[in-house]
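According to TrEMBL:
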ACT_SITE  332  active site
ACT_SITE  415  active site, proton donor
BINDING   331, 335, 411  Zn(2+) binding site
DOMAIN    40-224  domain 'CAAX prenyl protease 1 N-terminal'
DOMAIN    227-466  domain 'Peptidase M48'
REGION    290-318  region 'Disordered'
TRANSMEM  18-38  transmembrane segment
TRANSMEM  90-111  transmembrane segment
TRANSMEM  123-143  transmembrane segment
TRANSMEM  170-188  transmembrane segment
TRANSMEM  194-215  transmembrane segment
TRANSMEM  353-375  transmembrane segment
TRANSMEM  381-406  transmembrane segment
């Protein structure tokens, strides 16, 4: 029987082998991910009491809340993942990609443009594909936000605000994606034998520009950014930055609480123009979720914001104290001081150059286009999609795992940097608070965490910090 199957496979055309190999690998990855998720769900279901080593840092009520939250998220992930994989398979098997390409051709034909206007057709194809993805993903996103996140006290949005936000994101994405794609296709077509070098340089410039302008021009379209008020916290942040020669120019507080009570902090910018952004939910003194009564004052809150975007108080006493915020920033600045940001950029660009180089070798292979239903044409955009999304998928999975391992190493190093700044006890308590605020489950299956966790599990980080300061 096996020999018959092997003979049948050998008799398949090259394009059929490519097509079935892509499908087989896609389902192999899905089944592997489903197996890992099953192992972690089993951990959620069976670990119903606080483990002994967590007894001093996590109470039973918080532990149970985090267990149920993560269990709900995992169950949701199973069904959404199954749908996504089934949808992708149906699109490939039923010829959805060439069908949408032909629809795009019909659209431009209405404007008197023929097949020679490939880039115009590519842009229509891209817009229709992203529109389809947005519509099919909307029910899942709504359920995640207004059922799961709402149930566990994180959602701060109304349906109206959510839909307007989604529409705005789609329009901004199109405004960036379509011009960039158009220029990239022009470069590939006009670049000659060394087009892959020009294409790589173009994507490098675009990525640097987007990183530079994102927080100043794009992010404010969705969230309100206000300068951190003068005071002790700002002075200490500036002092910390100065102590390690971090070229800080501005510190912002972003009104993340109008969407979710999850918290975060990050820095951005190049060369001598660095900025730090703190979510209001990270700051104990600024989080609207800590304002309980009508008489409370919301520091930095804009009363002109429509009621539908105002945070709905659900979780009390959220966020970190000033000393804990400084410890978290000590960790983040450690990434900069230790060169993690530069290393990640270098790895990303080396990978990008390698992929464009391989793309240049593969784009002329007609069998790749035949495998996905393109018998009469070889559109460049379709070639990019086939090669980067499907042909490179085994390499992408391996790279993703390696980057996850590297990320965990970087996190330990950044924690050690903060510890070296005498912030160990504050970072210790901040990690516990952030885990509690975000309902992170501190117990993980070893295989699931090894494959997925870009940050080390909480207990490992606390052990590395050496425990809280003893009086």
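Keep in mind that glycine also has a Cβ here, set from the backbone N, Cα and C atoms.
A TrEMBL annotation is a machine prediction, not a hand-curated record.
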So, taking each listed stretch (18-38, 170-188, 381-406) in turn and counting its Cβ pairs to the transmembrane segment (353-375) that are under 8 angstroms, which one gives the highest count? 381-406
Between residue 332 (active site) and residue 415 (active site, proton donor), how many Å separate their Cα atoms? 9
To which of the active-site residues 332, 415 does the lowest count of other Cβ atoms within 10 Å belong? 332
Six or more residues beyond either end and a Cβ under 8 Å away: which residues meet both conditions relative to the transmembrane segment (123-143)? 76, 80, 83, 87, 100-101, 103-104, 107-108, 159, 162, 166, 170, 173-174, 177-178, 181-182, 381
Provide the number of Cβ atoms within 10 Å of the Cβ of residue 335 (Zn(2+) binding site), excluding the reference atom itself. 20
Do any residues of this chain, six or more beyond the ends of the transmembrane segment (18-38), have a C-beta under 8 angstroms from a C-beta of it, and if so which? 12, 74, 77-78, 81-82, 85, 88-89, 92-93, 367-368, 371-372, 390-391, 393-394, 397, 445, 447-448, 451-452
Top stretch among 170-188, 194-215, 381-406 for CB pairs under 8 A with the transmembrane segment (90-111)? 381-406
Can you check which residues sit near residue 411 (Zn(2+) binding site), meaning Cβ under 8 Å from its Cβ, same chain, 6 or more apart in sequence, and list them in order? 454, 455, 456, 461
How far is it from residue 335 (Zn(2+) binding site) to the residue listed as 'active site, proton donor', counting Cα to Cα, in Å? 9
For the Zn(2+) site built from 331, 335, 411, further residues of that chain with CB within 8 A of the site's CB center: 332, 334, 340, 410, 413, 414, 415, 417, 418
How long is the line from the C-alpha of residue 331 (Zn(2+) binding site) to the C-alpha of residue 415 (active site, proton donor), rounded to the nearest angstrom? 5
